[in-house]
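All remarks here apply to the structure that follows.
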Amino acid sequence: MLGLRECRECKPVKLSPRAEEVGLFFAQMLDHEYTTKEVFRSNFFRDWRKEMNLEERTLIADLNKCDFGELHAMHKSKVEARKNMTKEEKQVIKDANQKIVDEFGFCLLDHHKERIGNFKIEPPGLFRGRGEHPKMGMLKKRIQPEDVIINCSKDSRIPEPPAGHRWKEVRHDNTVTWLVSWTENVQGSVKYIMLNANSKLKGEKDWEKYEVARQLKSRVGQIRSQYLEDLKSKQMVTRQRAVALYFIDKLALRAGNEKEEGESADTVGCCSLRVEHITLHDTLAGESCVVEFDFLGKDSIRYYNKVPVSKRVFKNLKLFMENKQPGDDLFDRLSTGTLNKHLSSLMPGLTAKVFRTYNASITLQQQLKELSNMSDSTAEKLLSYNRANRAVAILCNHQRAPPKSFDQSMANLQSKIDTRREQMAQAKRELKQAKKDAKESSDPKLMTVLEKKRKAVARCKEQLLRMEVQATDKEENKQIALSTSKLNYLDPRISVAWCKNLDVPLDKVYNKTQRDKFAWAVHMTEKDFEF
DNA sequence: GTCATGACTTAGTAACCTCTTG
DNA sequence: CAAGAGGTTACTAAGTCATGAC
């Protein structure tokens, strides 16, 4: 029941099913800060009113007068009830879900049974883009069978639409990999159901991606000297292209396609950088020719970096910025299209994003070589691995929100370390005493006691080291997401070979899902693999 | 060339699950 | 055995890039 505030009282309103469903979406999100944002509220309210009947529309004219208290409470109690279910009740639900996965979660491709990545149609709800998205709060509508295109082979068992419905289309296109598609109403983009990352199809593509990046390894020297040469070109286009490439290569920036204004959050990549996104410093903190970057990239993640660049790049940037407004394009003669066309002429398959893959993987390989020692303990080796991984994540600007309980769990770990320190001091004292006792008497029992104490000290020491290493790792990782680079940029063969060479079990580096995804690499990689 | 569209990869977050610990 | 931490999975938004129409 929705409450509606009037002059004095708040009167309850029973909503029609359609209006209630959408109102409930809003009520469920009330704990989120974004439901207070004006853009979110007005988008939501506009779409909500579309779902109301005439009577409701007349009655409910102002979102600020709506009291979602009861609907919100209802939702909260549902969540609470779910949390408080018994083990058995939870198991029943889990079994039911598993049955759904078994029935709908797989398909047959070239006679292989393959897991589907996302086999469920996206449910309706309120759209929440990332960053300052102009469409936040809009209603994402329920998808009907009539919206859905099925793509399967001619001779396969075509899935039945739900009773009383029909599919939008059934097609047999083997040039694409998707099984189902539909058009989503908020952005008008096509959504797909595709295979899981552990499938043969995705694995082969992944392998190809890294092979292209490895080809770049042998050509990158030549390509670099060419774009450094191009910095001097008489052609403005060529110079802009050269500077953009310099950024893409050195800083691992994304290509930066044009975006339609007002359709999504204002974010940029290399080619779409604007004058306002960089500041030039002739000197800064003792270094000359420093470029200060400050812009929002993919997912509205901030990229902030101060980078010393070559004199020539610096001079070009000054030139590109001449007579321009802050909102003007830095590279006004350049587009991702022309940039990629140029790159593919230098090497087949070469595009801007290959540089990210290449630089990420080569950095991991170099860092691993530099940081890890055969004589280290496994914990120390893993710290080195994480540090190498982290160097890549920083290069690619992969960030995360610091975990909510970060400070608390850091403090907990620290106090555990302190306790262990005391234990070790105690153990050492006992060892000393045992040594003394053993010296003064020939009782063989004392020798076994001594041995025991010795082992206790060693155990303490090892545990302490492990915890200290863990603390360092955790602190350094506070705002950095390692998983994105691990999953998308680092040639898995580097990690597999490293594990083999340093005698580290692979499951310390890759969990089950990751081992499945990288099965191709696990099989083919020898100790001597070089990226 | 440019523009729209489609197909696919890359991305961060929230929900969920599991293991540890008091 | 409950609670909490930490790891894992699900989810879906937001990029990249090729293609084809104009």
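The backbone N, Cα and C atoms fix where each Cβ goes, and this holds for glycine too.
Quick look at what TrEMBL annotates:
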type	residues	note
DOMAIN	A:126-503	domain 'DNA topoisomerase I eukaryotic-type'
COILED	A:410-477	coiled coil
ACT_SITE	A:TYR489	active site, O-(3'-phospho-DNA)-tyrosine intermediate
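Looking just at the coiled coil (A:410-477), the mean pLDDT is 77. In this structure, A:TYR489 (active site, O-(3'-phospho-DNA)-tyrosine intermediate) belongs to neither helix nor strand by DSSP; it is coil. Counting every protein chain shown, the Cβ of A:TYR489 (active site, O-(3'-phospho-DNA)-tyrosine intermediate) has 25 other Cβ atoms within 10 Å.
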